[in-house]
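A short write-up of the structure that comes next.
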Amino acid sequence: MSNWIINHGLSAFILVLWMGINTFLFVYYYLFYDHGLQFLYTRHIVGSGLSWARAPAAVLNFNCMLILLPVCRNLLSLIRGNFTCCGRSLRKQLDKNLTFHKLVAYMIALMTAVHTIAHLFNMERFNNSRQGKGDELSTELSELGDETFAATPTYVVFTTIAGLTGVIITLALILMITSSMEIIRRCYFEVFWYTHHLFIIFFAGLVFHGAGRIVRSVKTTDPPHNISFCEDQPANWGLIPQCPIPQFAGGFPQTWMWVIGPMVLYLCERIVRFVRYMQTVTYRKIVIRPSKVLELQLVKAGFKMEVGQYVFLNCPDISQLEWHPFTMTSAPEEDFFSVHIRVVGDWTEKLMSMAMACAKIEVPLPHFRIGVDGPFGTASEDVFDYEVSMLVGCGIGVTPFASILKSIWYKFKESNPTLRTRKIYFYWLCRETHAFEWFADLLQVLEREMEERGMGSFLTYKLFLTGWDQSHAAHVKVHFDKDTDVVTGLKQKTYYGRPHWDNEFTEIRNNHPTSVVGTFLCGPEALAKTLEKKCAKFSVVDPRGIKFYFNKENF
C-alpha cells in the first residue's frame, strides 16, 4: 500500500476530488429541484424526471468546463515550466492530461444520456397532461396556455432553442465519442481527427442550450401565489386573493458562465498555434532510414527545446487541418531539431513520398512546407532529476531517449557539472534487425566517448530483438564469437526475446539500494502496466531505501 501511495497517491486524490465534486453537484441539484417549492407544479406533472434532468445538467456544466483544459498544450507546458520547483509527483499529473480528458468525456457522455432520457420522459408526461390524462391540477396547468405546459414533444424538440440545440449537441457528442475508439484512432486517424472538431458545434450549442429557459418555476407576483395553499384547489385559481393564476418563468442560463473561461483559454491556445504555424521552418537535412523511417532535421528561428519533448507537425499539401505529434530526437545543445517518423498511415506515407522526392534532388521542393507547433513537455523532461534513470523504448518509441542520450554525450564533452544523473539503464525492444540501425551509430559514439573518459559504467544498455527468422539465427550462430554484435556492431551483444523484468529490477535494486530511480517508457500500454506494477513491487517502503517512479509518454 505504501508503494502504491508513492506512485499513485496524488493521482488517486485528484480523482477522488473530481468524483466528489461531481457527486456533490448531482446530489445538491437533485435535492434542490426535488424539494424546491417553486418547482412544485412542474414536479406534479413530470414527477422525479425534473430532478433527474437538472442534476446531470449541473454535472455537465462542471465537466464541460474541464474538458478543454487538458488539451491546452501550451498552457500545460507553461504550468510544467513553472512547477520545476515543485515535486515530481505534481508534475507527473500533467503527463496524464489525456487520461483525465477521457475520464471527463466519459462523465459527459453518461450525464448526457441521463439528462436526455429524463427529458424524454418529461415531454411524454407533459403531453399526457395536455391530453387530460392527469388529475385536476395537471389538467389546470396544461390549460394555462403557457408554452411550457402546452407544448407537444415534437414541438419542443424541433422548434425550441433547447430542443434544437439539444439534438445538435447530442449528435455531435455521439460522433466524437464513437470516432474516439481505439480501433478508429489507430486505423482511421483522419476520421477521429475531423469528427473531433465537432467540439466547436458542441460548445456553440451548449452556450445557447439554456437560452430557451424551458424548465420553469413559479415566479413571484403581486399578490403572490401561495403554492402550499393553492395546490389543492386549482378550480379557485384567479377567484380568491390567495390564489392568483400562477405565472411561470425560466431560470437564468448558467452554462455559458461555466464554459466561457476555458473557451477563451482554448481560443488563445489556437491563436498561439496559428502564429507558430506561420513561422518559417527550413530543412537542414532529410534522411531516409531503414524500416520505413523518415528523419527530418529542421531549423526554426527562436526554437528552444528540452530533452524528450515533442512537436506537432502539419503539411498543408497533405492536409490543412491534420497535426500529428512526434518526439524530437535531437538534443537541446544542437542548432537544429529532428524527428524520426515511422510510416504507418496515409499521412506519413504521403510525407515519405514527398521527402524521397526532395532527397533525390538534395533540396526540398518549393511546395513541401512543414508547420511546427511546440515544443511541448513530457515526462522525459525530468530524466536528469533522478540519480538513476531506467529508459525503456519499443521500436520507434526510442525517439525521446535518443534525445536524452545525445544530450548526455554533449554534457560529457563539455564536462557539465550540473549533470545530477549518475547511472542510466537503457532498454530498446525491436521486432526487426534493421530498426537498430536508426541509432546504433549514436550508441557507438557514446560507448567510445565514455570509455575514453573512464566512465564506461555510466550507461548500461541492452538491445532486445523480439522477432527473427531462421536465416538470421544461422548467421548469428556462425559469428557468435566476434567481439562486436553482428546486428548492431556494438560491443554489447543483442539479446533475443523479451526482457525478464523481475531480473532487471532486482539487479538495479541491488546496485542502487538507496537511490531514487526514474523509470521512463515510450511504448505500448500492455508494457506500461507491467512496468508500473514492477515499480510498485520493487520499491522499498523504508524512506532510506530505493524508490522506483514510473513515467510514460502520452500524446
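Just so it is clear, glycine is given a Cβ too, placed from its N, Cα and C backbone atoms.
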Per TrEMBL, which of 155-179, 380-404 is transmembrane segment?
155-179
What parts of the chain pack near the transmembrane segment (103-121), using Cβ distances under 8 Å and only residues at least 6 beyond its ends?
15, 18, 22, 46, 49-50, 52-53, 56-57, 59-60, 63-64, 66-67, 70, 153, 166, 169-170, 173, 176-177, 180
Whole-number mean of pLDDT values that fall within the domain 'FAD-binding FR-type' (264-382):
83
For the transmembrane segment (52-72), give me same-chain residues lying six or more residues beyond its boundaries with a C-beta closer than 8 angstroms to one of its C-beta atoms, as numbers and ranges.
21-22, 25-30, 32-33, 97-98, 100-101, 104-105, 107-108, 111-112, 114-115, 118-119, 122, 199, 203, 206, 215, 254-255, 258-259, 261-263, 265-266, 269
Chain residues outside the transmembrane segment (155-179) and at least six past its termini with a C-beta under 8 angstroms from it:
105, 108-109, 112, 116, 119, 123, 126, 185, 191-192, 195-196, 198-199, 201-202, 205-206, 208-214
